[in-house]
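Beneath this line is the structure, given in structure tokens, with notes to follow.
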């Protein structure tokens with residue numbers, strides 16, 4: 001079990017800690033809770049749905065990588081499938097602050113990479129910043145998304161972001177987490193690069209058409225993917241590398257275990273992720289080889 005999760009267990013109510021420990025000790029635990037597991041925890045602890053989600057936030061925050069701020073934030077989103085996904089903020093020493101991943105972005109992209117097509121609610125340690133409110137406004141469920149904070153009544157995202165600006169204002173009907181396949185192909189025969197291309201085909205980039213995906217290979221051969229999550233307000237967009245880093249972190253891997261990376265993006269786009277991807281990987285480890293393909 002992740003050492004930080006063990007530490008976080010000590011901050012939970014004793015009955016909850018006892019109930020969740022076997023789940024976290026399971027070798028197949030992937031930083032998610034199935035609907036059945038969550039229902040069992042509700043029955044065992046006699047907590048309400050929102051109380052249980054808030055009580056589990058220290059576990060989500062245990063995944064935080066915050067060497068700069070030392071401000072550890074956790075988030076839990078529930079997909080339309082009923083499964084709960086943990087997420088946490090991530091910061092990178094030596095990279096610009098624009099490369100930072102917020103906890104809300106982490107949990108949402110975690111759910112996205114595992115196949116969810118909608119989010120019903122999100123539970124967070126602290127009130128979501130404007131950046132994250134805008135990021136969430138890109139979701140397929142932005143109009144109905146519920147936000148839960150500790151010791152607060154739940155509110156909708158639209159209450160946190162009144163008179164919001166979103167995809168519809170730019171005449172865009174696609175939304176983040178929507179099912180899509182851009183049909184990009186590459187001449188490369190390398191399987192690792194092909195995995196990055198597959199991720200690019202599921203990316204959300206209706207504004208620039210920069211369909212892009214990243215694959216990261218760990219030292220043990222495990223591969224993690226990320227796909228670009230673009231935003232109507234541009235700046236809150238989440239690059240494909242960041243989504244892959246979330247995927248890797250939530251699987252319990254340290255970022256020092258990255259052995260290889262690949263970036264595939266649309267060749268005729270008005271933007272490129274190459275420079276930022278190179279710079280951030282360089283900050284993590286200058287020896288990580290990066291394969292780049294413009295399709």
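Cβ coordinates are placed from backbone N, Cα and C, and glycine is handled just like the others.
When the candidates 102, 110 are compared with the Zn(2+) site entry in Swiss-Prot, which names 129, 132, the shared residue is 102. In the structure as shown, the Cβ atom of residue 91 (substrate binding site) sits within 10 Å of 17 other Cβ atoms. Neighbour density for residue 129 (Zn(2+) binding site): within 10 A of its CB lie 13 other CB atoms from the protein chains shown.
Across the range of the domain 'CMP/dCMP-type deaminase 2' (187-295), the DSSP-based residue counts are 36 helix, 28 strand, 45 coil.
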